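Noted in TrEMBL for the protein shown:
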- 44, 72, 149, 176, 194: molybdate binding site (BINDING)
């Protein structure tokens, strides 16, 4: 869509800033830095994060960023079991809090926000409101126990008092991007995803937005894990993620900047 254009524009801005005297930018982006960074991130952040990594590497070509995407619950378990991770970007505060309580998080910020929406295939024209889900055959939803979008979605569908009517028609997915894929290829009639996921695809349309009262606030905490807290490359990328350049990328993808 528009992401490559945005990357090019922002990259030019970064190069121009490099020639100035912006001390804050120098602290977050230092071309002399070398190393490897592993970030575990919610699947819904994939497009934005991949672009942010490219921007970071414009000024830090010798830093290798390994991105591990998945459902936030699954990522949390991986971290608990010792999988390599320096930074965690979660789509669920509870999973993040569990890691924090157990001493895995060195520092944290509330980073992004999102909306929950109902989608259907572009040419379907079957639905117009959430309550009409009772009339379709198959609905994709992230597994509530491990996928935050699924947890929010189940709570929202209960709020609309239709969960009991549609529960047997739910097809569960391992993360929100799999929900999107199911709808794109028309394996299901509808799906529940974040607004940002829907905006990445020309093959789905947003039917309706779940009211904020129907689920907990959708917040994305960002954290520096204890294992990478003293690493210069990790610290530099963690700081860059919080820069205006990075936040503008996520905002362009529809995220709410906290």
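From the backbone N, Cα and C atoms, a Cβ is placed for every residue, glycine too.
All annotation found in TrEMBL is predicted automatically rather than curated by experts.
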All-chain count of other Cβ atoms within 10 Å of residue 72 (molybdate binding site): 31
Beyond the site residues 44, 72, 149, 176, 194: chain residues whose C-beta lies within 8 Å of the centroid, for molybdate: 42, 43, 71, 91, 114, 142, 147, 148, 175, 177, 193, 197
Largest separation between Cα atoms (Å) of residues that the record links to molybdate, namely 44, 72, 149, 176, 194: 14
Number of Cβ atoms other than its own within 10 Å, given for residue 194 (molybdate binding site): 31
